[in-house]
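Asks: This is the structure, below, for whatever I ask next.
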Amino acid sequence: MRLFAAATVALVLLLGQAAGEELAEERAGQAQGDAESTESSETTTDQAVSEPPITLVHVLNPGEREYLSPNLIGVQNIAMTFLPLSMNFVNIIDAFREITAGVRYEILLNALDTKAIQPAEADIVCRLVILEKPWLRTQWGDKHRELVTSNCTDPAVNSVAGDPAEKARLLNEKYVHRSRRSANDILGRHKPYDEEAAKAQLQKSLDKLTAGEGPHYKIVKVYSASRQVDSGILTRIDADLIDGSEEQHRCIVDIWTKVWVRKDEHEITFKCRNQPVVQARHTRSVEWAEKKTHKKHSHRFDKVDHLFYKFQVRFGRRYVSTAERQMRLRIFRQNLKTIEELNANEMGSAKYGITEFADMTSSEYKERTGLWQRDEAKATGGSAAVVPAYHGELPKEFDWRQKDAVTQVKNQGSCGSCWAFSVTGNIEGLYAVKTGELKEFSEQELLDCDTTDSACNGGLMDNAYKAIKDIGGLEYEAEYPYKAKKNQCHFNRTLSHVQVAGFVDLPKGNETAMQEWLLANGPISIGINANAMQFYRGGVSHPWKALCSKKNLDHGVLVVGYGVSDYPNFHKTLPYWIVKNSWGPRWGEQGYYRVYRGDNTCGVSEMATSAVLA
């Protein structure tokens with residue numbers, strides 16, 4: 001009896017080792033193939049080649065379960081051997097093996113039933129339980145394997161579907177003379193797909209996205225559809241869709257289906273004409289989403305949700321949790337009301353809409369500006385500007401950009417350093433007018449070396465002029481690049497290319513004096529109320545004074561020119577200032593802001609200053 005027990009244990013260990021060696025050989029073969037493909041692309045050398053490492057084979061103990069990679073060809077071959085002929089193999093979902101009275105494989109796979117009456121019923125999940133007896137061989141010399149149970153449907157065994165054992169016996173008899181099928185016979189190209197079935201599948205996916213947090217679309221018309229079976233099911237649909245903005249687009253929709261245990265996962269890509277590509281994913285049922293949102297059987301086509309999703313895609317917003325996303329969505333909704341109010345009360349031609357600041361609170365947005373308030377009780381430290389009188393009529397328009405006196409639009413990032421960009425822009429313009437050379441000077445030097453201002457926590461142009469004078473000048477941007485945070489000052493006086501003797505204050509509230517100074521000297525540093533700039537998209541901005549008070553200056557910018565927009569059909573003329581901002585070229589009009597000229601809109605002439613070069 002002891003001898004029999006010992007023999008049984010030895011047999012079980014032998015089975016585990018044999019199975020482990022088989023899969024180890026396959027994995028090693030794959031690794032060797034990868035290595036050979038890599039070596040083929042490299043130049044050979046005369047160096048000695050080291051011996052390949054010894055592969056350690058894991059021996060399974062009785063009852064121990066080992067999960068197998070779905071990508072192993074051997075596992076796929078086993079599954080395809082016992083899959084009914086009426087079904088096309090798609091991919092392995094899950095697989096494991098264990099030592100029992102042999103090697104027991106349990107494989108969960110995704111397949112297509114080619115005999116399904118309704119296309120929507122073609123996608124199925126099969127679970128196969130297969131017993132391998134390696135001490136037995138088939139007539140072709142392969143290891144003997146037999147099907148234990150299967151929940152796959154097949155017309156030949158439907159009559160015994162309720163009896164798993166009988167069903168397995170019939171399937172074994174059916175496949176006893178069947179050789180392994182090639183994956184090339186199964187995986188095909190795009191084939192035409194029933195349009196009604198495609199429309200139903202698309203509608204189901206859209207319902208899930210609407211119920212969750214995805215984009216929102218409505219189907220208008222389906223033109224054509226196709227399917228491709230690979231390691232999953234790719235359904236491609238050509239259709240007209242209406243998005244959350246109530247705009248109709250011709251779109252190609254790709255639905256990539258992966259079937260998993262107890263839930264399915266779909267990756268959906270919307271490629272609409274003249275629109276950015278939108279990608280989404282859903283992994284839960286409509287019923288689950290309905291319970292979550294408490295909107296059972298009443299999915300609301302929410303325009304705001306759709307706009308918020310497009311905002312996330314365009315500006316790359318990623319939120320750390322669902323709670324944060326919901327908070328940002330609430331802020332976004334409130335900001336849409338502000339945008340609506342700005343558009344309704346706009347007296348110029350400006351359009352306000354969704355910008356990168358659309359999910360920020362007012363306080364968060366203010367952190368992206370950074371201008372301190374002047375203490376009106378104290379002297380600024382600057383001299384009163386002597387504005388040269390312009391002889392003759394002032395030009396209708398003027399732009400220092402056309403005179404090569406304005407550098408490219410810069411981006412201060414998530415740092416309240418507008419004051420530094422306003423000052424360097426002013427000095428860059430003055431230097432270009434004086435020397436004929438347009439150079440970029442360093443804002444980072446001011447963040448690091450100006451001890452009066454507070455780097456990313458804000459500052460004042462008045463202080464920056466004084467700091468440059470005391471420090472000894474400015475280095476070039478390339479020599480002292482911008483980091484959007486305060487670091488240790490490492491100013492190199494030998495690399496100072498421009499020096500400042502002081503600064504001047506232009507007459508407060510006098511926009512004609514600003515024009516004359518601009519024409520004679522160069523761009524002007526100003527402070528402005530940035531309320532209307534948060535959602536500015538273009539046009540001449542002329543908001544109500546109640547929405548943009550001249551007293552609340554919070555942003556430092558640069559006036560580089562002026563002009564006039566004429567609207568003869570409406571008998572309307574809009575004079576404006578051309579303002580260079582520091583939020584990058586994607587904001588506003590390629591980084592610029594046109595604000596109404598003539599009534600001190602948003603305090604444009606309240607804090608106008610300019611450096612005096614040494």
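Quick reminder: no glycine exception, Cβ is built from N, Cα and C everywhere.
Annotated active site per Swiss-Prot: Cys418, His555, Asn581, in sequence order. Positions annotated as compositional bias 'Low complexity' by Swiss-Prot: 29-45. Residues or ranges marked as disulfide bond in Swiss-Prot (evidence: similarity to another entry): Cys415-Cys456, Cys449-Cys489, Cys548-Cys602. Annotated N-linked glycosylation site per Swiss-Prot: Asn151, Asn492, Asn510, in sequence order. Look at Swiss-Prot and you will find 25-50 tagged as region 'Disordered'. The annotation signal peptide is assigned in Swiss-Prot to 1-20 on the grounds of sequence analysis.
Any idea what these are sitting next to in the structure?
Replies: The Cβ of Cys418 (active site) lies under 8 Å from the Cβ of Thr369, Gly370, Leu371, Gln412, His555, Gly556, Val557, Ser582, each of which sits 6+ residues away along the same chain.
Under the three-state DSSP scheme, His555 (active site) falls in the strand class.
For the recorded site, Asn581 (active site), the DSSP three-state label reads coil.
Taking Cβ-Cβ distances under 8 Å and a sequence gap of 6 or more within the same chain, the neighbours of Cys456 (disulfide bond) are Gly370, Ser414, Cys415, Gly416, Ser417, Leu447, Ala484, Lys485, Lys486.
Cys449 (disulfide bond) carries a helical DSSP state (H, G or I).
Sequence-distant neighbours of Cys548 (disulfide bond) (same chain, 6+ residues apart, CB-CB distance under 8 A): Asn529, Asn531, Ala532, Thr601, Cys602, Gly603.
Neighbour density for Asn151 (N-linked glycosylation site): within 10 A of its CB lie 14 other CB atoms from the protein chains shown.
Within its own chain, Asn492 (N-linked glycosylation site) has Glu475, Glu479 as residues 6 or more apart in sequence whose C-beta sits under 8 angstroms from its own.
Around Asn510 (N-linked glycosylation site), the same-chain residues at least 6 positions away in sequence with a Cβ under 8 Å from its Cβ are Ser605.
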Asks: Mind telling me which of the disulfide-bonded residues Cys415, Cys449, Cys489, Cys602 has the densest Cβ neighbourhood, counting other Cβ atoms within 10 Å?
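Replies: When each Cβ's neighbours within 10 Å are tallied, Cys602 tops the list.
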Asks: If I take the Cα of Asn151 (N-linked glycosylation site) as reference, which of the recorded positions Cys449, Cys489, Asn581 has the closest Cα?
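Replies: It is Asn581, whose Cα lies nearest.
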Asks: Could you state the whole-number distance in Å separating the C-alpha atoms of Cys449 (disulfide bond) and Asn581 (active site)?
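Replies: The Cα atom of Cys449 (disulfide bond) is 23 Å away from the Cα atom of Asn581 (active site).
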Asks: Once near-sequence residues are set aside, which residues in the chain of Asn581 (active site), 6 or more away, have Cβ atoms under 8 Å from its Cβ?
Replies: Val409, Met533, Val557, Trp587, Gly588, Gly591, Tyr592, Tyr593
Asks: Give the number of CB atoms, excluding that of His555 (active site) itself, located within 10 Å of its CB.
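Replies: Excluding its own Cβ, His555 (active site) sees 27 Cβ atoms within 10 Å.
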